[in-house]
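As structure tokens, the structure follows; a few thoughts come after it.
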Amino acid sequence: MGLTLKAHGKINLTLDVLSRRPDGYHEVEMIMQGIELHDTLQIEALPGEIILTASGLPVGCDENNLIIKAARLLQQFSGTGWGARIHLHKEIPVAAGLAGGSTDAAATLVGLNELWQLGLTQEQLSELAVKLGADVPFCLRGGTAIARGIGEKLIQLPPAPKFGVILVKPSFGVSTAEVYQGLNLNNLGRRPDLAAMVEALQTGSLAAVSEQLANVLESVTLRLYPELQEIKETLARAGCRGVLMSGSGPTIFGLTEDAAAAAVLARQLTLPGCQVVATAIF
Ligand code: ATP
């Protein structure tokens, strides 16, 4: 018996950093949004070992892969004698700010909880998820949510309008830790207005949502990689209504009225060396 699961990526519609905690983590406040773009996991239960293979975009299948980490964590927590054979088809760009690894980890927890018949509650899965990464609890459920704490304190919002989304991922990746290290809490640039974004999402207006897009991590990543500013300008000139960096970057996304408009616009873009993907709010 096996399971096939879609593991959706995310973008951040807002991202604010409130403080640095004594343990080195940052208190954040953000609106996370699931996107159609997804990896696919095929999972089969087998006794004992965890075997991971992959296709699609290149990604390592060793012990550093969050899928293996998630499976081992669940084995330890539950004491089960079960293992699994997992095949990952990778479509979400890696080290991109799109929660690619986090969403694979979340899908692994959900899939194995079912296949191994562990009966863990959403709350128990959430507690395991945050041990794997700050974005993993959000990825368990996806959709649209306010995230606080290090990202694990979630308030689910009504589904967002199904705008189109163009993702532009430059050839380089960005280390989230490095971006946070470079952050000056006294000089964050434009801060998001969370309440105004929640209201804009309720109106369903692309113009209103676009106006409220803001991410304080742009102040660091755009300084480190000035070419990201050019990508933002290219997307805006091409007709994207709102343009922002996702997470700690380097992916820049642009919003359009719907998925069809994103597909048309993406085909017209010439951005050498960049991966360009047309997708939509999920
Ligand atoms: P986030 O937005 O959650 O910070 P990200 O999109 O910036 O994540 P990922 O794609 O998750 O970044 O990759 C970050 C690192 O995690 C990479 O160095 C990658 O090698 C490693 N990694 C481990 N497991 C996976 C996986 N299943 N898919 C992608 N990357 C993985």
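Heads up, the Cβ atoms here are built off N, Cα and C, so glycines get one too.
From a predicted model like this one, the values you see are computed outputs, not experimental measurements.
Other Cβ atoms within 10 Å of the Cβ of K10 (active site) number 28 in total over all chains. Marked as active site by TrEMBL: K10 (among others).
For the domain 'GHMP kinase N-terminal' (65-143), the mean pLDDT of the prediction comes to 97. Taken from TrEMBL, the feature domain 'GHMP kinase N-terminal' covers 65-143.
For P93, V94, A95, A96, G97, L98, A99, G100, G101, S102, T103, the entry in TrEMBL reads ATP binding site. A simple way to gauge crowding: the CB of T103 (ATP binding site) has 29 other CB atoms within 10 angstroms, across all the protein chains here. DSSP assigns T103 (ATP binding site) to a helical segment in the three-state reduction.
Long-range C-beta contacts of D135 (active site), restricted to its own chain and to partners at least six residues apart, with a cutoff below 8 Å, comprise K10, M32, A99, S102, T103, G151, G247. The feature active site is assigned by TrEMBL to D135 (among others).
Taken from TrEMBL, the feature domain 'GHMP kinase C-terminal' covers 197-269.
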Next on the checklist: What is the set of residues, excluding P93, V94, A95, A96, G97, L98, A99, G100, G101, S102, T103, whose C-beta falls within 8 angstroms of the centroid of the C-beta atoms at the ATP site?
Outcome noted: G9, I92
Checklist entry - Which number gives the other C-beta atoms within 10 angstroms of the C-beta of A95 (ATP binding site), all protein chains shown included? => result 18
Checklist entry - Which Cβ among the binding-site residues (P93, G97, G101) has the fewest C-beta neighbours inside 10 Å? => result P93
